[in-house]
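Trainee: Encoded as structure tokens, here's the structure I'll be asking about.
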Amino acid sequence: MKDAPQDHRLIDGKAVMARILDDVSAYFAGADIGQKGARLVSVSIGDSPEVAVYVRNQALAAQKAGLRFYQELWSDEVSQEECKQLIVEMNDDPSIVGIILQRPVPDHINVRSLQSAIHPLKDVEGMNPASIGNIVYSDMALAPCTAAAAVELIRETGLELKGLEVVMVGHSEIVGKPAALLLMAEGATVTVCHHMTRALAMHSRRADVLVVAVGKPHLIGADMVKPGAVVIDIGINQITDASGKTQIVGDVDTAAVKEVAGWVTPVPGGVGPVTVAILMRNAMIAHQRQKEVGWIC
Ligand SMILES: NC(=O)C1=CN([C@@H]2O[C@H](COP(=O)(O)OP(=O)(O)OC[C@H]3O[C@@H](n4cnc5c(N)ncnc54)[C@H](OP(=O)(O)O)[C@@H]3O)[C@@H](O)[C@H]2O)C=CC1
Ligand SMILES: Nc1nc(=O)c2c([nH]1)NC[C@@H]1CN(c3ccc(C(=O)N[C@@H](CCC(=O)O)C(=O)O)cc3)C=[N+]21
């Protein structure tokens with residue numbers, strides 16, 4: 001059975017997304033975006049099913065936000081140099097407000113070096129090392145989208161993050177590490193767990209807020225959660241059930257955990273939509289900054 005969205009323990013990511021997109025579309029409706037309009041460009045290198053869902057939702061959200069959206073699909077045989085060259089051309093194109101480099105990329109591509117080639121003013125995903133560096137200095141303007149979405153959803157509960165025990169499970173560059181930094185900046189006491197952590201449950205059971213980004217269905221069961229805690233499920237996993245139907249689930253056993261936790265984000269309908277909305281908000285911030293420095297008139 002599907003979880004009913006009106007269940008008060010489930011945080012409604014789609015409602016949060018709608019609210020953020022309203023603000024962004026009001027901005028772009030009032031902003032001078034020139035004759036060509038403002039464009040967001042998504043770059044995928046090679047085909048990947050997990051990227052396809054994300055890109056589809058980005059295109060829909062961009063439309064709602066009043067942005068044009070272009071999808072570039074580069075061959076998985078493209079060279080590092082060619083990619084860099086194409087990114088430099090996009091940096092110089094005033095009609096492009098932001099560039100998204102979808103992950104994963106093929107093995108022969110150095111993703112970090114390509115991410116560095118995206119100009120920080122166009123880095124709407126906040127993944128350029130310079131942008132990541134800014135969050136160490138607590139400058140959160142262009143923060144990585146999924147990490148920022150996790151913070152946004154915790155705020156939705158009305159809880160003050162200051163002083164709370166937060167346990168972050170997963171320490172990837174794209175999600176876990178930046179989320180831990182953002183949560184620290186919010187005043188939480190953050191413990192970061194990963195595959196070498198001994199006794200994960202011992203840590204997770206102490207958490208007032210448990211944030212999970214691993215990619216393993218049902219990693220977090222009810223016995224691993226403190227009663228009344230906030231559980232933010234970032235995982236997106238495609239599974240095939242007993243009847244052969246494919247389904248998207250997170251890293252948390254939502255049905256069981258919501259009987260113990262105070263709040264849980266559902267998958268789908270939780271972190272995913274808010275991630276996409278934050279990307280649009282980052283595009284708005286990027287546009288404002290590009291105007292301030294005279295990149296666009
Ligand atoms: N909703 C959204 O917007 C997004 C969702 N995702 C989803 O989030 C999940 C994580 O993504 P991503 O961070 O990119 O994945 P990665 O595979 O890059 O990272 C997974 C992390 O989980 C850790 N880990 C692995 N096994 C365990 C374990 N048993 N206990 C604790 N930690 C463990 C790994 O640690 P170690 O490195 O030490 O092995 C690693 O830090 C995926 O399901 C992905 O699809 C990702 C991006 C955006
Ligand atoms: N550079 C980069 N940044 C990313 O943030 C990134 C990436 N690469 N590669 C792929 C993963 C995956 N990811 C998703 C984000 C939102 C949804 C999403 O909107 N999901 C909806 C809809 C699901 C559906 O339509 O079935 C939901 O959870 O409700 C999905 C997947 C971002 N990722």
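Glycine is no exception: its Cβ is also placed from the backbone N, Cα and C atoms.
In case it helps, TrEMBL gives these features for our protein:
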type    : residues                       : note
DOMAIN  : 11-125                         : domain 'Tetrahydrofolate dehydrogenase/cyclohydrolase catalytic'
DOMAIN  : 144-290                        : domain 'Tetrahydrofolate dehydrogenase/cyclohydrolase NAD(P)-binding'
BINDING : Gly170, His171, Ser172, Ile236 : NADP(+) binding site
Trainee: For ligand 2, list the binding-site residues among Gly170, His171, Ser172 whose CB atom is within a distance below 6 Å of it, in sequence order.
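Mentor: Checked binding-site residues vs ligand 2; nothing flagged, none.
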Trainee: Hey, what's the Cβ neighbour count for Ile236 (NADP(+) binding site) at 10 Å?
Mentor: 22
Trainee: Which one of these binding-site residues has the most other Cβ atoms within 10 Å of its own Cβ: Gly170, His171, Ser172?
Mentor: Gly170
Trainee: Counting each residue once, how many in the domain 'Tetrahydrofolate dehydrogenase/cyclohydrolase NAD(P)-binding' (144-290) are helix, strand and coil under DSSP?
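Mentor: Residue counts in helix, strand and coil order: 53 helix, 30 strand, 64 coil.
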Trainee: Restricting to the record's NADP(+)-binding residues (Gly170, His171, Ser172, Ile236), give me the longest CA-CA distance in Å as a whole number.
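Mentor: With Gly170, His171, Ser172, Ile236 as the binding residues for NADP(+), the largest Cα distance is 16 Å.
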